[in-house]
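Participant: Straight out of Swiss-Prot:
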| type | residues | note |
| --- | --- | --- |
| DOMAIN | 29-216 | domain 'BPL/LPL catalytic' |
| BINDING | Arg71, Gly76, Ala77, Val78, Phe79, Lys134 | ATP binding site |
| BINDING | Lys134 | (R)-lipoate binding site |
Amino acid sequence: MTTLRLLISDSYDPWFNLAVEECIFRQMPATQRVLFLWRNADTVVIGRAQNPWKECNTRRMEEDNVRLARRSSGGGAVFHDLGNTCFTFMAGKPEYDKTISTHIVLAALNSLGVMADASGRNDLVVKTPDGDRKVSGSAYRETKDRGFHHGTLLLNADLSRLANYLNPDKKKLAAKGITSVRSRVANLTELLPGITHEQVCQAVTEAFFAHYGERVDAEVISPDKTPDLPNFAETFARQSSWEWNFGQAPAFSHLLDERFTWGGVELHFDVEKGVITRAQVFTDSLNPAPLEALGERLQGCQYRVDVLEQACESLIAEFPAQKGELRELAAWMAQAVR
């Protein structure tokens with residue numbers, strides 16, 4: 001009986017793919033070696049310990065319908081589109097060894113005619129006249145009895161969008177999360193014009209089989225077909241939830257300030273696990289009462305745009321004369337925290 005398992009996702013949904021990865025990892029026998037191949041539509045994927053408000057231009061992501069997905073491994077933020085091929089290698093201990101999976105990916109690239117090297121920062125690079133350029137980045141996760149190595153290969157990614165979504169607005173944000181390190185990157189199409197996702201998947205699959213000396217049929221996974229994945233619905237619900245993607249952010253503080261025609265406003269938020277634990281409001285408005293009430297109302301609320309807007313709207317009944325100011329404040333906050 002083979003010890004290998006090959007899964008290929010037909011879905012471009014990042015929450016679906018990460019939930020599949022999590023289910024397989026939790027439930028695989030410790031003797032199994034797994035390769036999972038997948039790709040995501042427009043998504044910023046952040047590391048387990050990262051702060052999305054610090055790492056990402058969340059306002060632009062929302063405008064462009066780019067999803068946020070938090071993975072279970074560490075490391076930095078990356079932008080995925082259909083120009084990326086994603087891979088995950090899993091194995092039980094003591095056999096799990098990220099140097100083996102790195103070797104498999106390098107062998108796959110070599111079979112396609114690309115000579116790449118492993119760098120010291122979990123990346124694969126190619127040498128160009130302009131210096132080393134990154135074509136693959138990886139992250140890792142280990143538990144007591146198993147581990148996985150997952151990463152991306154840049155095929156034809158829109159590298160301009162990479163900068164758009166991973167360069168955050170200049171916010172006054174003091175945060176404790178892990179900050180992503182930017183790298184010089186290159187697409188494989190610059191080296192192999194016309195290379196496709198299917199060709200790369202085939203090369204990685206063949207290198208995987210060659211390393212272990214076994215072959216196995218691929219299992220194609222889609223939202224309509226999730227074989228042998230107990231508890232998938234619960235895992236997907238968690239992976240796609242605001243509480244996981246935003247609420248798991250490390251504690252941080254956010255200072256917002258603006259001057260309106262009716263006065264200046266300064267907001268100080270302390271946020272833990274996506275919830276406002278302290279809200280301080282300072283203003284030179286001639287009528288500070290609605291703003292003081294807002295500070296009290298926001299304490300304990302989720303740090304999300306719709307909640308902030310609802311808090312302002314709920315104060316209009318209590319302070320009808322300040323309806324215009326409260327709606328102006330709500331619109332500004334909605335832009336400032338995205």
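Positions of Cβ are set from backbone N, Cα and C atoms, glycine also.
Show me how these features fit into the shown structure, please.
Facilitator: Other C-beta atoms found within 10 angstroms of the C-beta of Lys134 (ATP binding site) number 18, with every protein chain shown included.
Lys134 (ATP binding site) falls within a strand when secondary structure is assigned with DSSP.
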Participant: Could you tell me the maximum Cα-Cα distance in Å between the residues recorded as binding ATP, namely Arg71, Gly76, Ala77, Val78, Phe79, Lys134, rounded to a whole number?
Facilitator: 21
Participant: So for Phe79 (ATP binding site), how many other CB atoms are inside 10 Å of its CB?
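Facilitator: There are 24 such Cβ atoms around Phe79 (ATP binding site).
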